[in-house]
Amino acid sequence: ICLLLHMNLVYIVLEKMFTMMFEKKARMEVFPLTKALAVRLTGTKYGCGGGGCGACTVMLSRYEPVSKKILRHCSANACLIPICSLHCTAVTTVEGIGSTKTRVHPVQERLAKCHGSQCGFCTPGMVMSIYALLRNHPEPTLEQITEALAGNLCRFTGYRPIIDGCKTFCKEPFCCQNKEIGNCCLEQEEKLLLFSNQEEKVSLFLFSAEEFQPLDPTQELIFPPELLVNHHAPVGGGMRQISLCDIFADRLGSNTLNPEEILVSVHIPHSRKGEFVSAFRQAQRRENALPIVNAGMRVFFEEGDVIKEFSIFYGGVGCTTVSAKQTCQALLGRHWDEGMLDEACRLVLKEISLPGSAPGGKVEYRRTLIVSFLFKFYLEVLQSLKTMYPSRYPDIPEKYESALKNFRIGIPQSVQMYQDVDAGQFPQDPVGRPIMHQSGINHATGEAVYCDDIRAVDEELSLAVVTSSRPHARIVSIDASEALKVPGVVDVISAPNVPAANEFYYFEDPEFVFARDKVICVGQVVCAVVADSDVHAKQAAAKVKIEYEPLEPLILTIEEAIRHNSFFEPQRKLEQGNVDEAFEIVDQILEGEIHIGGQEHFYMETQSVLVVPKGEDKEMDVYVSTQHPAFIQEMVASCLGVPFSRIMCHVKRIGGAFGGKLMKASLLSCIAAVAANKTGHAVRFILDRGNDMLITGGRHPTIGKYKVGFMNDGRILAVDVSYYFNGGCTPEDSILVWIFCVCKTNLPSNTAFRGFGFPQAGLVTESWIMGVAAKSGLSPQKIREINMYKEISQTHYKQELDPENLVRCWNECLEKSGYHSRRKAAEEFNKQSYWKKKGIAIIPMKFPFGFGKRSLSQAAALVHIYTDGSVLLTHGGIEMGQGIHTKMIQVASRELKIPMSNVYFCETSTTTIPNSCASVGSGGTDVNGMAVKDACQTLLKRLQPIISENPNGTWNEWVKEAFEQSINLSSTGYFRGYDGYMDWEKGEGRPFDYFLYGAACSEVEIDCLTGDHKNIRTDIVMDIGCSINPAVDIGQIEGAFVQGIGLYTMEELKYSPQGALYTRGPDQYKIPVVCDIPEQMSISLLSSSQNPVAIYSSKGLGESGLFLGCSVFFALWDAVAAVRQERGQVGSFVLNSPLSPEQIRMACADRFTEMVIALLLLKCSWVLFVFSCSVGPYFYGYYTSVWTCT
């Protein structure tokens, strides 16, 4: 609620003026600008509702009536802008700068043609962030571009193509400016070309900047003249000043703002001679993230280095900013020396109390940051004093100087190398060429329509769900009486309202539409409210009262599931050879385990469905964001008790999925369909980000337990590995994702996610590779080479494998990355630097493609040729950012020998393609491409007699003649699927149709004092066969790789002891942003690679690149190993995933971590007594773990 003085509120959105009048002391609901934009403006997207994703970015231009000047244009999140703050403001959305109906703006054009759009949901926000920058700086610097994009999230592209598009506006060259240190990006391009096969035509360019229209600042929108009139009524009242320190006193006490006041300015005085001020912060992510701990410190000396004034403030260690007043007071009069530092650390740890049960966890880490920041401040001041008085103060020890060097995040530079098409290829044939995404321009202009962009249907209702607040409980009662009293509420829907099936048994345990008698996780849907608006539905849902009776047991973790023997069936294993005998003959045995956290899909478009009853014969149109329309059709029909043919499911495009829009999307569609069936109205159901993350599961948390037997020369002879996946409360797709051991717990069901279990299993393997290397004294790279496939062999499930391209990828990556020379350089750097360390790692990959069953990879297509020569194409695949429709149009263009502009794709629908399979497992192009090819070849065969009779005719002439001869110009195409199989009783089969190979080399640098790191460089070599569209495919590799960086180093899901998800939005859950990608990145597609199995010798690659993100994980591991070796911490160790700043910092034990531990031991000596006898040299790590749990 906002308190306003008498005024007229005037603002303009896209040339439309809005005026609101408020009387003095009038109360007005503060609703965000997105509510105003929701009417007929589809470009400004809802992504999170909290300003954390940038999908709703608009530009604000403000006129200052007093100075009569137009202030600077700025980008802003519409979801955070109260309408009442927009007085004298012009609001520009993506629709206002350009469209296909008028003129596409250069920003929109370049972002699309540089392939900076994949799913497209985030693209309008990206466009507006850059547009606002260009209005202020028509020729921006690279730094300004990176800063402008820091608040925009993209889950698909990996940011590189977006940056490439933005760079075209820069006046300065694109070079990284690192030539003086021998690491220039231009030289990298030359080296890549040097390593390529000279007989093959290689290309480094995915777009031509010469095609772009110029940016002309004089043609931009002017500030609306209507707002140049002074609409602002004078507001009386005076001004007062308060000390900024007082704002934090007494936990936001009496000196803060009064209700009628607004903050006008903040005055920061200049520092005095002898006064030094610094600030520090550490967050889960460098940009657009709340700090884990931050600090502000100030010291003032009166004579040389005698402390006269000292101020230390910390954030993130209490409910508000905390001042270490007692510590500062005790240090007055002390000299700025080591003795003072030790005393300051001891005092501040004692004063800033952070109990083990403190909200937010990470207690030891946060306490360590408290003293680490103090040490950094000590060194900064010492260096300044040395600069001011060179003869009075000693030099800072050389090994400590690295603590003063903050990470400089460079502008990302990239190189992409792929094999160009043969010189003899027909110029009109688009296959193998870097073609822009079919919807790229519409993405950039905001004209691309997603589910929630569909215009409201007459008398449409909105739906909000009521979810369980208990993880395992019996439902005693549901009281909806108060909810039904809310204005606009139509009904409350629950299990008794389901006409037919409320439970679906695809495995032994059922999936539920509504919980009926009990709940089995927090977030399970109990009932739903339908109302005349989204706001009313949510208000009413909050008033539904549910009484529970707790049930036992409560199982949340894998360890608890193992103790209770709680697993989904079947449980399987694979064996080859006699492992026990092998363990008897090996030289050494390594045993251990690694924990891998889960991952949220964080698709930019949340779960969305619009159900429209047709009013006749129980027909329904279902518009839904899903990867599997046929499954939606099946479940909705079964839920309503009608034939499948009465349910028509439509999907134009979806804003990302990654496996997260299969079963859950179907269950949510059933909820909306039941509501539509009961009320007779269309029902729109759009999950907000918080509920989306609460209700849906993600990637399975995993524990891998291993026992590895190996020889001293590095040969691995025996491996016994057990994998445990946390499946959640129902099987969902877990049995398909992971066929061995899936734990049944009281968390929301986890499900398919890009990589289908491989990213977890692969990380377990590479972790014990690291352990073998440490114990054998050989490098990890050497261990990998010794044990890599080298000739035609059999896998452990007895499928034949030819590793030629795997070895090629490995060797090319070694050469192109300069791995050996860079490893030596990193080792030399580490010798000279104590507080910063570099690490480098190279990881190979053998990624399987296949579904293990023919029926799961069948596909169909339908192609119509119209008499004007245009072609309408549809197939069963779903466009979710992977460019499948673009590739299908390329296939049709090649087969029909017509330009791509002649071919149009409308939508995927069960009315045109029945019984389609899910778009999963990177198989969309493979299977649907075969079906499209089949349909086009059928049509061309029908046209062939006409073409033979008139070889010099045109396509349009041939089509018209075919119609005159009554030749059918419509055809279906079909692909039966790949013939995969697996015999689990024998433990053998051919479940995979082929393999993708790759290798990635990554280099990082860590800050040992904070756990922060930067990604310096990554080189990737991938075998993807013959690329149908190099621009799309390279974008898929880069996007998957960056998503892998998130999985392995950043993204953490946190739950309460009762199974409630804490991390329910971008404020708490951090995915990579533009500053997290490597400063230098090169992608090389392996040349001369053939895959006779798939269409045009290509390979399905969308998922495989994610695993290569673990090269960053192991580079960090390598850097931590360098720290531990230098500090005498010998022996192997294991780091869990995600390898967050907390893990990195706490693995780099030093005097400051010892201070934290010592203080805890002093307070809790009984813990020392209990555990010190049993943990030996690993006391520190074990103690920390036990204390955290306590």
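Note that Cβ sites are derived from N, Cα and C of the backbone, with glycine treated the same way.
According to TrEMBL, the active site, proton acceptor annotation covers E1103. The [2Fe-2S] cluster 1 binding site feature in TrEMBL is assigned to C48, C53, C56, C79. What TrEMBL records for C119, C122, C154 is [2Fe-2S] cluster 2 binding site. TrEMBL lists F248, L263, R281 with the feature FAD binding site. Look at TrEMBL and you will find Q627, F658, R754, G921 tagged as Mo-molybdopterin binding site. Residues or ranges marked as substrate binding site by TrEMBL: F756. According to TrEMBL, the domain 'CO dehydrogenase flavoprotein C-terminal' annotation covers 278-381. Feature annotation from TrEMBL assigns domain 'Aldehyde oxidase/xanthine dehydrogenase a/b hammerhead' to 445-552. Summarising the annotation, TrEMBL assigns transmembrane segment to 1155-1180.
Overlay of TrEMBL annotations on the structure.
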{"residue": "C53", "record": "[2Fe-2S] cluster 1 binding site", "CB count, 10 Å": "29"}
{"residue": "C56", "record": "[2Fe-2S] cluster 1 binding site", "CB count, 10 Å": "27"}
{"residue": "C119", "record": "[2Fe-2S] cluster 2 binding site", "CB count, 10 Å": "30"}
{"residue": "C122", "record": "[2Fe-2S] cluster 2 binding site", "CB count, 10 Å": "29"}
{"residue": "C154", "record": "[2Fe-2S] cluster 2 binding site", "CB count, 10 Å": "31"}
{"residue": "L263", "record": "FAD binding site", "CB count, 10 Å": "7"}
{"residue": "R281", "record": "FAD binding site", "CB count, 10 Å": "19"}
{"residue": "F658", "record": "Mo-molybdopterin binding site", "CB count, 10 Å": "28"}
{"residue": "F756", "record": "substrate binding site", "CB count, 10 Å": "22"}
{"residue": "E1103", "record": "active site, proton acceptor", "CB count, 10 Å": "26"}
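In this structure, the binding-site residues under consideration are C48, C79, R754, and the one with the smallest number of other Cβ atoms within 10 Å of its Cβ is C79. Around the Cβ of G921 (Mo-molybdopterin binding site), the same chain contributes F756, F849, G850, F851, G1100, E1103, each under 8 angstroms and 6 or more positions distant in sequence.
Neighbours of the Mo-molybdopterin site: apart from Q627, F658, R754, G921, residues of the same chain with C-beta atoms within 8 angstroms of the site's C-beta centroid are A657, G659, G660, A752, F753, F756, M880, S919, V920, S922, G1102, E1103.
Within 8 Å of the centroid of the Cβ atoms of C119, C122, C154, where the record puts [2Fe-2S] cluster 2, the same chain has further Cβ atoms from A55, S117, Q118, G120, F121, T123, M126, L153, R155, F156, T157, M604, G655, G656, G881. Around Q627 (Mo-molybdopterin binding site), the same-chain residues six or more apart in sequence whose CB sits under 8 Å from its CB are I654, A657, G659, K661, L662, A665, I878, M880, A918, S919, V920, listed in sequence order. Ranked by Cα separation from L263 (FAD binding site), the binding-site residues C119, C154, F658, R754 are led by C154.
Nearest in space to C119 ([2Fe-2S] cluster 2 binding site), taking C-alpha to C-alpha distance over the binding-site residues C48, R281, F658, R754, is F658. Nearest Cα neighbour of C53 ([2Fe-2S] cluster 1 binding site) among the listed binding-site residues (C154, F658, R754): C154. When DSSP labels each residue, the domain 'Aldehyde oxidase/xanthine dehydrogenase a/b hammerhead' (445-552) comes out as 19 helix, 39 strand, 50 coil, counted as helix, strand and coil in that order. Between the CA atoms of R281 (FAD binding site) and C154 ([2Fe-2S] cluster 2 binding site) there is a gap of 24 Å.
Residue annotation for Mo-molybdopterin gives Q627, F658, R754, G921. The furthest Cα pair among them is separated by 13 Å. Reported as a whole number, the C-alpha separation between R754 (Mo-molybdopterin binding site) and C48 ([2Fe-2S] cluster 1 binding site) equals 22 Å.
Between the alpha carbons (Cα) of C122 ([2Fe-2S] cluster 2 binding site) and C48 ([2Fe-2S] cluster 1 binding site) lies a span of roughly 11 Å.
In the predicted model, residues of the domain 'Aldehyde oxidase/xanthine dehydrogenase a/b hammerhead' (445-552) average a pLDDT of 97. The residues of the domain 'CO dehydrogenase flavoprotein C-terminal' (278-381), classed with DSSP into helix (H, G, I), strand (E, B) and coil, number 40 helix, 30 strand, 34 coil.
A gap of 18 Å separates the Cα atoms of C48 ([2Fe-2S] cluster 1 binding site) and F658 (Mo-molybdopterin binding site).
C154 ([2Fe-2S] cluster 2 binding site) sits 13 Å from C56 ([2Fe-2S] cluster 1 binding site), counting Cα to Cα.
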